[in-house]
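Q: Below you will find the structure I want to go over with you.
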Amino acid sequence: MALQLLLAVFSCVLLLPQPAFGITRHYTLEIKMQNVTRLCHTKSLVSVNGQFPGPKLIAREGDQVLIKVVNQVPNNISLHWHGIRQLRSGWADGPAYITQCPIQTGQSYVYNYTIVGQRGTLWYHAHISWLRSTVYGPLIILPKRGVPYPFAKPHKEVPMIFGEWFNADTEAIIRQATQTGGGPNVSDAYTINGLPGPLYNCSAKDTFRLRVKPGKTYLLRLINAALNDELFFSIANHTVTVVEADAIYVKPFETETILIAPGQTTNVLLKTKSSYPSASFFMTARPYVTGQGTFDNSTVAGILEYEPPKQTKGAHSRTSIKNLQLFKPILPALNDTNFATKFSNKLRSLNSKNFPANVPLNVDRKFFFTVGLGTNPCNHKNNQTCQGPTNTTMFAASISNISFTMPTKALLQSHYSGQSHGVYSPKFPWSPIVPFNYTGTPPNNTMVSNGTNLMVLPYNTSVELVMQDTSILGAESHPLHLHGFNFFVVGQGFGNFDPNKDPRNFNLVDPIERNTVGVPSGGWAAIRFLADNPGVWFMHCHLEVHTSWGLRMAWLVLDGDKPDQKLLPPPADLPKC
């Protein structure tokens, strides 16, 4: 009888749905100096495992990831896993002096987190000073085993990560800019997977080549890791189908060109031509420019090569490929905001049964922040002049006119230990203290205030945030990245946001869900998110120059009442300041 009962129970257990448990993945990343040559210029740069860009990391939805980061360089270091929610694991998020003190020379730290409810293309990068110029790599999250993509399985998946190459040391560049108050020097080239390509001098051998077969579909995982530039990207004589943005599936649409801001990722399907075309095709990217400062006005190119038919393979195939006609794509104009707007408007969440768009329909708190540039007075002694907008001012940037001052202690630890006094203020304004015509004639006083201010939210608060660009020192697009959350972009527009009219046009059905949004130049973006993740979460412009100038702030989400709504305790190896 007991045996029959046991068999019956066992049979019932077999009938229950079996959970797809994740596994634990271990990685070790050594941050070390490495000599790298590009554009006939060799320099010693900060690398990951001696590679530039860093190695591809792969996990599946549901996996626990333990990444030991060992610092073997003179610089302090921290790594951010861009787009990972870090549910209750804020200690692993990575921004220096926000969620952790940086890892000092000769020290190590294990980033320990579980990937919950996420799959797609993300990336990792250094999150201190300008070290992410060389410390970055793809972070690919595959769906759970047995869970298909919402599109046909591609023949092959290819990460393509855009970056910027500087002949000079980027730490010296931002250090000089900070001292003089001026704009930093721009990059010498853009790169695809670390390679500038043949349109630059002394660079033909450093070209990314994508070898494809006719009649196949390739999933290109595009990542913009550039420091300071949004990019247009196109493949000559080919269209692509956009299927994902910031690791969220979108309603598929075809396009010849994509726009991708720093911090953003975009997955596209490339269907190759049905037969061998007897040609090769440039894949090019160049900047989308809205600001008034200097920029790197150059173009990176990779080459799409078709595998030749079998009868032409052999010793001469590489030579024959070299002799093929090479087509170039036509990219939008550098300042083509019309294209940027149309592309942005096409992005919609898939909003299917399996991948719903859970937009907060009821909002607990509404915030209105300005984002833009400003000035600080010269801090030089001996009446030395600055190189900012005037010879008595330095460039600055702010959110709601508060230029964020980086603390010397980690904010998350200060909050967790109850020792926040003198480290940060919990009083970030809900809206600008001094309203003005944000996109009209700028005010005479362009000075910012400086402080370490946090916005405090009770657990599970539903938030609506409108971010408004300003015309101070010129309107400009700002890609804003929020750590710890995805958000829904429910509205965008140009001019000043109208709280009475504009919300009527909000998309609350299938808005794009992402972690980095471009606030339009001379316009605004409205986002909604649910503050269901306790911790301190950085929000900043992903143009590194603007972040350095202070266009950043942080949200403090308090613990909830239940045990699974509370921040986990700090790990034993958390770095000390």
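Quick reminder: no glycine exception, Cβ is built from N, Cα and C everywhere.
Found this in Swiss-Prot, in case it helps:
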BINDING   His80, His481  Cu cation 1 binding site
BINDING   His82, His125, His542  Cu cation 2 binding site
BINDING   His127, His483, His540  Cu cation 3 binding site
BINDING   His478, Cys541, His546  Cu cation 4 binding site
DOMAIN    156-309  domain 'Plastocyanin-like 2'
DOMAIN    427-561  domain 'Plastocyanin-like 3'
CARBOHYD  Asn35  N-linked glycosylation site
CARBOHYD  Asn76  N-linked glycosylation site
CARBOHYD  Asn112  N-linked glycosylation site
CARBOHYD  Asn185  N-linked glycosylation site
CARBOHYD  Asn201  N-linked glycosylation site
CARBOHYD  Asn237  N-linked glycosylation site
CARBOHYD  Asn335  N-linked glycosylation site
CARBOHYD  Asn383  N-linked glycosylation site
CARBOHYD  Asn391  N-linked glycosylation site
CARBOHYD  Asn401  N-linked glycosylation site
CARBOHYD  Asn444  N-linked glycosylation site
CARBOHYD  Asn460  N-linked glycosylation site
Q: Report the nearest neighbour of His478 (Cu cation 4 binding site) in space among the recorded positions Asn76, His127, Asn237, comparing Cα positions.
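A: It is His127, whose Cα lies nearest.
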Q: Beyond His478, Cys541, His546, what residues of that chain have CB atoms within 8 A of the centre of the Cu cation 4 site's CB atoms?
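A: So the additional residues around the site are Val371, Ala397, Glu476, Pro479, Leu480, Val519, His540, His542, Leu543, Thr547, Leu551.
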Q: Pop the mean pLDDT for the domain 'Plastocyanin-like 2' (156-309) in here, whole number is fine.
A: 98
Q: Which site among His481, His483 has the most other CB atoms no more than 10 Å from its CB, taking these as binding-site residues?
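A: Output for this query is His483.
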Q: List the Cα distance (Å, whole number) between His481 (Cu cation 1 binding site) and His540 (Cu cation 3 binding site).
A: 6
Q: When secondary structure is assigned with DSSP, how many helix, strand and coil residues does the domain 'Plastocyanin-like 3' (427-561) contain?
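A: Counts, helix then strand then coil: 10 helix, 61 strand, 64 coil.
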Q: Since the record lists Asn35, Asn237, Asn444, Asn460 as glycosylation sites, which of them has the fewest other Cβ atoms within 10 Å of its Cβ?
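A: Output over glycosylation sites Asn35, Asn237, Asn444, Asn460: least Cβ neighbours within 10 Å is Asn444.
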Q: Taking the glycosylation sites one at a time (Asn391, Asn401), which has its Cβ surrounded by the most other Cβ atoms within 10 Å?
A: Asn401
Q: Looking only at C-alpha atoms, tell me how far His483 (Cu cation 3 binding site) is from Asn35 (N-linked glycosylation site), rounded to the nearest Å.
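A: So the Cα of Asn35 (N-linked glycosylation site) lies 32 Å away from that of His483 (Cu cation 3 binding site).
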Q: Looking at the glycosylation sites listed here (Asn76, Asn112, Asn185, Asn201), whose Cα lies nearest to that of His127 (Cu cation 3 binding site)?
A: Asn76
Q: Count the other Cβ atoms sitting within 10 Å of the Cβ of Cys541 (Cu cation 4 binding site), across every protein chain shown.
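A: If we count other Cβ atoms within 10 Å of Cys541 (Cu cation 4 binding site), we arrive at 29.
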Q: What does the structure give for the C-alpha distance between His542 (Cu cation 2 binding site) and Asn237 (N-linked glycosylation site)? Integer Å is fine.
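A: The Cα atom of His542 (Cu cation 2 binding site) is 31 Å away from the Cα atom of Asn237 (N-linked glycosylation site).
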Q: Which has the fewest other CB atoms in a 10 Å radius around its CB: Asn76, Asn185, Asn335, the listed glycosylation sites?
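A: Asn335, out of the glycosylation sites Asn76, Asn185, Asn335, has the fewest neighbouring Cβ atoms within 10 Å.
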